[in-house]
2 protein chains.
Amino acid sequence: MTDAARARELDAADPLAHLRARFLGVDDPSVVAYFDGNSLGRPLRATAQRMDAFVREQWGGRLIRGWTDEWLDWPLVLGDRLGAIALGAAPGQVVVADSTTVLLYKLIRAAVDAQPDRREIVVDTDNFPTDRYVVEGIAAERGRVVRWVETDPVAGITPAQVAEVVGPDTALLVFSHVAYRSAFVADAAEITRLAHDAGALVLWDLSHSVGSVPVSLDAWGADLAVGCSYKYLNGGPGAPAFGYVATRHLDRLRQPVQGWMGRADLFEMGPGYEAAPGVRAVLSGTPPILAMVPLGAGLDLLEEAGIAAVRTKSVLLTQHVVELADAWLAPLGFRVASPRDPERRGSHVTLCHPDARALNARLVDAGVIPDFRAPDGLRIGLSPLSTSFAEVHRGMELVREVASRG
Amino acid sequence: MTDAARARELDAADPLAHLRARFLGVDDPSVVAYFDGNSLGRPLRATAQRMDAFVREQWGGRLIRGWTDEWLDWPLVLGDRLGAIALGAAPGQVVVADSTTVLLYKLIRAAVDAQPDRREIVVDTDNFPTDRYVVEGIAAERGRVVRWVETDPVAGITPAQVAEVVGPDTALLVFSHVAYRSAFVADAAEITRLAHDAGALVLWDLSHSVGSVPVSLDAWGADLAVGCSYKYLNGGPGAPAFGYVATRHLDRLRQPVQGWMGRADLFEMGPGYEAAPGVRAVLSGTPPILAMVPLGAGLDLLEEAGIAAVRTKSVLLTQHVVELADAWLAPLGFRVASPRDPERRGSHVTLCHPDARALNARLVDAGVIPDFRAPDGLRIGLSPLSTSFAEVHRGMELVREVASRG
C-alpha cells in the first residue's frame with residue numbers, strides 16, 4: 001500500500017485527475033509537493049486569462065459603466081452560485097464581500113444584538129483564532145459573556161458537548177464546520193438542531209470545508225455562516241469572503257456597518273439609512289470586484305467537477321496520507337492528529353511531531369510545502385482538484401527522508 | 001479660449017501629457033471623453049502586466065510562501081508609500097485594508113469609544129452617503145448624538161460653520177476633504193485646529209482628493225483619515241481602502257473588529273486578543289493582496305509625476321471645463337455648481353441642469369461618460385494623469401451638442 005505503484009493506480013482511477021493540468025504551477029519542478037492548498041489554493045490558468053481580460057476589456061473598456069452593467073450584482077450573483085455549487089443554499093442568502101473577519105463581526109453582531117435577553121456566546125477553544133478574537137471583542141463591547149467549550153484537539157466539537165452548554169441564556173454558537181488544526185468535521189446538522197431546541201442561533205465558519213467537504217446549510221437549518229474563498233475555491237491571496245443569512249432571518253437581523261452598498265435605493269444617496277431588502281443588506285462598502293474574478297473561475301471548475309466527486313477524492317487523498325504516515329512516519333515520532341474516520345475528516349491531515357517547526361522549514365527548503373501550526377503540528381493539506389496521488393507520495397517520501405536525517 | 005487650438009496648446013504645454021499613453025483604453029474610439037475617472041480611474045498598462053505576473057509568478061510560484069516573503073507587510077508597506085507620495089504622512093500611520101466603509105466604521109468607533117464623556121459626532125449633510133450612514137449607525141448603537149451641519153451644496157463645509165458647532169460635547173467631526181458633489185476643498189488645517197481647540201478629534205475622508213489634490217495629514221495635525229484607491233489612484237473596481245491614525249493616537253484608540261491580522265504575534269494563534277503595536281492594529285482579516293497589485297502601479301506613476309504637478313494640471317483641466325461651460329453651456333441652462341476659485345476646487349466640476357439625468361444617459365450613448373448625481377448634477381471628473389485637454393474639449397463639445405438637441 002505504500003509503494004509508488006499504488007499512487008499511480010490511484011491517479012489512473014481518479015476521475016478528476018485531468019483537472020490538475022488546469023492549474024498554474026503544477027509543472028514547477030522546484031515544488032515537489034504542495035501541501036498547503038488549504039491555506040492558499042493554486043491559481044487556475046483560466047484565472048490568469050480572465051484577470052487579464054477583465055483588466056483590459058471590463059475595467060479598461062467598460063470603465064464606470066461596468067458597475068451598472070453587472071458589477072453591482074456580482075456579490076449576490078457569485079453568492080448564489082457559491083450557494084448552489086458548494087453550500088447547499090437556495091438563492092438570496094449568500095453574498096461575497098469583505099474579509100472573513102469582517103463578516104464574522106457583522107453577522108455575530110447581528111445575531112447578538114437581535115437577542116438582548118440572551119447573554120452567552122458559545123465558542124470552542126480550538127476554533128480559528130480570528131473567530132475567537134471577534135467573539136471576545138463583541139462580548140466585551142455588548143456586555144455579553146463568552147462561554148468556552150474545551151475541545152479535544154483531535155476530536156473537535158461534538159453534539160454532546162453542545163448539549164451540555166446550550167440553554168436559555170445562549171444567544172449564539174460559533175463553530176467551524178471543519179477544524180483548522182485537526183480537520184475534524186463537526187456534526188453540523190445535529191449541533192444546529194440542539195441549538196435550535198434551546199432557542200439559540202448557530203454561525204458556521206466554513207473556511208476549511210467549502211469546496212472540499214459538502215455543506216448543506218439549508219438542510220442543516222443553519223442560521224448564519226461565513227467562509228473564505230482563498231483555500232479550496234482558489235480565489236487568490238486575500239480573496240473576498242462570503243456570508244450566509246438564512247431567509248427567515250433576513251428581515252430580522254441587522255448588521256451594524258451601515259454603508260451605501262447595503263442601503264435601499266443606493267443611488268438616491270439620500271439622508272438616512274434604510275437597509276436594502278434581502279441579503280444585500282449584509283453589504284457595507286464598495287464590493288471588491290477585481291478580487292472576485294478568480295472566484296468565478298474557481299466556481300466554474302468546482303461545478304464541472306461536482307462537490308461529491310471532490311469529496312470522494314479528498315477522502316482517498318487523506319486516507320493515502322494517513323496510511324503513509326502510519327507506515328513511514330510513526331516510527332520517526334509522528335502522530336496522526338486528525339480523525340481516522342474519513343467521515344469525520346476534512347481535506348487535510350495534521351501530523352504532530354515535537355520538532356514540527358524546524359521540520360517544516362527544512363521541508364520547505366526541500367520543495368515540500370506543508371504548514372506549521374503551533375505548537376507541534378504539520379498540516380498536510382490536500383486540494384482535491386490540484387493534487388495528484390503521485391504528488392502526495394513524493395511529498396510524503398521527502399517528509400520521511402527529511403525527518404530521518406535528523 | 002474655446003476653440004480646439006486652445007486645447008492643443010494646453011496639451012503641448014502639459015509636462016504630464018506623455019503619461020496618458022500609460023493607460024489602457026485611451027485609444028478606444030468608442031469613448032470620446034471619459035469624465036468619470038473620479039469614480040473609477042482607468043487601468044494602467046503596467047497594471048495588466050503586473051497582475052498577470054503576480055498571478056503566475058507570485059501566487060502561482062511562491063504559493064503560501066508569498067505571505068511570509070512579503071505579503072503580510074503589504075498593507076503597511078503600501079500604506080507608507082501612499083503616505084509619502086500622496087498624504088503627507090510619515091511612516092507607520094497608514095494601512096491599506098478593507099473598504100472605505102469598513103475603515104470608517106472601525107476608526108469612527110475607535111474615536112467615539114475612546115471618549116465616553118463626549119456625546120456628539122458632527123457630520124455635514126452633504127458628506128458622502130456612506131460616511132453619513134456609518135455615523136448614524138454608530139451614534140445609534142453607542143448612544144451618541146449626530147450633530148448635523150447643513151452645508152451649502154457648492155460652498156461646502158467652512159471653518160466658520162465648524163466653530164459654531166464644536167464644543168466640549170464633541171467627540172469627533174467627520175468631513176470630506178473634497179466634497180463628492182461640488183468638489184469643494186475644505187480648509188482641513190483650520191478645521192482641524194478648531195476641533196482640537198475644543199478637544200475634539202477629526203476624521204477626514206480623502207476619497208475625492210487623494211491622488212489629485214495634495215493632502216498634508218501630519219501638517220494639518222489630523223487625527224484620523226480614510227480614503228479609497230479606485231479613483232485617482234487607479235486601483236480598480238472595489239480596490240482596498242486606506243486608513244490613517246496619527247502616531248499619537250496609536251496606543252490609545254482601539255478599533256472594534258478584533259481579527260488575527262491585527263493581533264500581536266499573529267502566528268502564535270493563542271488565546272485572547274492583544275492588539276499589535278502600531279498601525280497594524282487597524283487590520284482585522286486577511287489583507288486583500290491580489291487587489292493591491294494595481295495600487296502599487298498607480299503609486300509608482302503618481303510618484304513619477306509628483307502630486308504638485310498633478311494638482312497644477314488638475315486646476316488647468318477644471319478651469320478649462322469651467323470656461324467651456326460658461327461659454328457654451330450656460331446659454332443652454334447649465335449652472336456651474338463647483339467653486340470658481342481654483343484653490344477651493346478639487347478635480348471635478350459639477351454642472352447642474354434640470355434634465356441632468358436624461359442628459360447623462362444620452363451622453364453615455366454618445367461616448368461621453370460623466371456621472372449623474374441626484375437630483376440635477378452632471379459631474380465632469382478630470383483625472384490629471386489620464387485626461388488630455390483635447391479629450392476635455394471634444395467631450396464638452398458633445399455635451400453642448402447633445403444638450404442643444406433638447
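Just so it is clear, glycine is given a Cβ too, placed from its N, Cα and C backbone atoms.
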| said: Using only what TrEMBL says about pyridoxal 5'-phosphate binding by A:Thr100, A:Thr101, A:Phe128, A:Pro129, A:Thr130, A:Asp131, A:Asp205, A:His208, A:Tyr230, A:Thr286, identify which of A:Trp59, A:Trp74, A:Trp260 is listed for that site too. | reply: A:Trp260
| note | Around the Cβ of A:Thr100 (pyridoxal 5'-phosphate binding site), other Cβ atoms found within 10 Å total 28
| request: Let me know the DSSP-derived helix, strand or coil state of A:Lys231 (N6-(pyridoxal phosphate)lysine), please. | output: coil
| message | If you pair up every Cα among A:Thr100, A:Thr101, A:Phe128, A:Pro129, A:Thr130, A:Asp131, A:Asp205, A:His208, A:Tyr230, A:Trp260, A:Thr286, the residues annotated as binding pyridoxal 5'-phosphate, what's the maximum separation in angstrom, rounded to an integer? | response | 31
| note | Contacting chain B at Cβ under 8 Å, from the binding-site residues A:Thr100, A:Thr130, A:Asp205, A:Tyr230, are A:Thr100, A:Thr130, A:Tyr230
| task | Could you check what DSSP calls A:Thr100 (pyridoxal 5'-phosphate binding site) once collapsed to helix, strand or coil? | result | helix
| message | Quick check on the recorded positions A:Thr130, A:Lys231: which one has the highest count of other Cβ atoms within 10 Å of its Cβ? | response | A:Thr130
| Rounded Cα separation (Å) that holds between A:Thr286 (pyridoxal 5'-phosphate binding site) and A:Lys231 (N6-(pyridoxal phosphate)lysine) | 23
| query | Between A:Phe128 (pyridoxal 5'-phosphate binding site) and A:Lys231 (N6-(pyridoxal phosphate)lysine), what is the CA-CA distance rounded to a whole number of Å? | reply | 15
